[in-house]
């Protein structure tokens, strides 16, 4: 191929183009893998349950848990496609890009050497041609000089001096021709040697290097194609595990368990209604209503049922739910559902209390650090926040007591309402007596059926003055000490009293462990304030007594 230098140059350039095309192909494949992985992750995220939402509650069923496991496995599945993209980028795209740069430099060097050798042989050829033409010219000049000398020598009219001059000129030309002949011979030998080295040594060596370079390129692209397949093969076991986990999750679905969860979630706790007695209208007697009927009667001695209007009785399986927010005690719900809601509310409030207490403990430790190391901060700066936390905790505890009272009522554990803690606010007592009674009784008929509409009959009410009368009949409690208000407290609930910061008051009852102290301003004003809001000075004699 010593005469195909140009074609070899074109072919090696084509080989580099093929390599760059393959690099581009792999790069686009990595982009597709990344895009696919991103779409899979977004898909998995889209269908993940939102925190603190109704969807999160639905994932207690085995079928929805299996779907959640599928979403998680799809996230891992997407991760494997990201691994494919990363490995292809590092092992193929990056490696081949560096190799192409080296290949271009090597090719450029080899063809530069080839062109240099070609130029050298062409220069030698030109020198040979110049030497040859000079030898030819000198030979012709010598022949002309010889012919002129012979002509001058034969002419009898020419002087001897002219003949001698012609003879010397002819000898000079012959000498120049001999010199040119020697130079031409030397140049020819040199050219033949250079030409032999060119075609049998230099060019073959250069072409051999080009061939090796081209073969390395071919091997390299083959190895890259193997790596291309191997990168995919490496993640197949992990992808297989993801698919196995999805299959395992699907096999874990328990239809019986899901059905039981539905029963537990929606059972009302009511017994099915009894048989309706036959009412004989042919008898000349007042029509009575059976105790097992589904009317909304309150019992004997109540007003007669109204038949002209809309029936108040509703069969319990077809209860209509109230639209909008229900009452705070969930009395609009069936007993079992109400118990679950109340328990859930108590748990939430206890979590909030624990959170507030953790904050208070942290601030207390910070205050202790400030007291020991005043340079770190002002201990008084956290007092206001501690007071706020104390107030929040007391409010939450009152809420817990309120909901626990309703919960105990549902579970049949609640004592008589007159025994409820007297430190709860008047609002709570009112709700826990008249409101709860009316809501609960209005929705239960004597035979255990359940209606959504309130009866038109008179509701049972607990006289609101019973507690107040008992309180008024008692003798005023004696003072057992004094206290100073550390912070201003707005006593908004009934049973509490408002105090101003720095105000001095009388203590009539110590904190019993619930965080409240009973104080008196004058004979007509007394009530409870948070213990953390006052500094108490007890009378030793009174305390001992």
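All residue numbers here begin at 1 and follow the chain in the order shown.
Just so it is clear, glycine is given a Cβ too, placed from its N, Cα and C backbone atoms.
Just so you know, TrEMBL annotations are computer predictions that nobody has curated.
As stated in TrEMBL, the feature coiled coil covers range 149-180 out of the listed 117-148, 149-180, 181-212. Per TrEMBL, the range carrying the annotation region 'Disordered' out of 287-311, 312-336, 337-361 is 287-311. Per TrEMBL, the range carrying the annotation region 'Disordered' out of 417-462, 463-508 is 417-462.
Only sequence-distant pairs (6 or more apart) were considered; of these, fewer than three Cβ pairs between the domain 'REM-1' (332-409) and the domain 'F-BAR' (1-258) are under 8 A, so the stretches are not in contact. Only residues 6 or more beyond the boundaries of the coiled coil (149-180), in the same chain, are considered here, and those with a CB under 8 A from a CB of the stretch are 131, 134-135, 137-139, 141-142.
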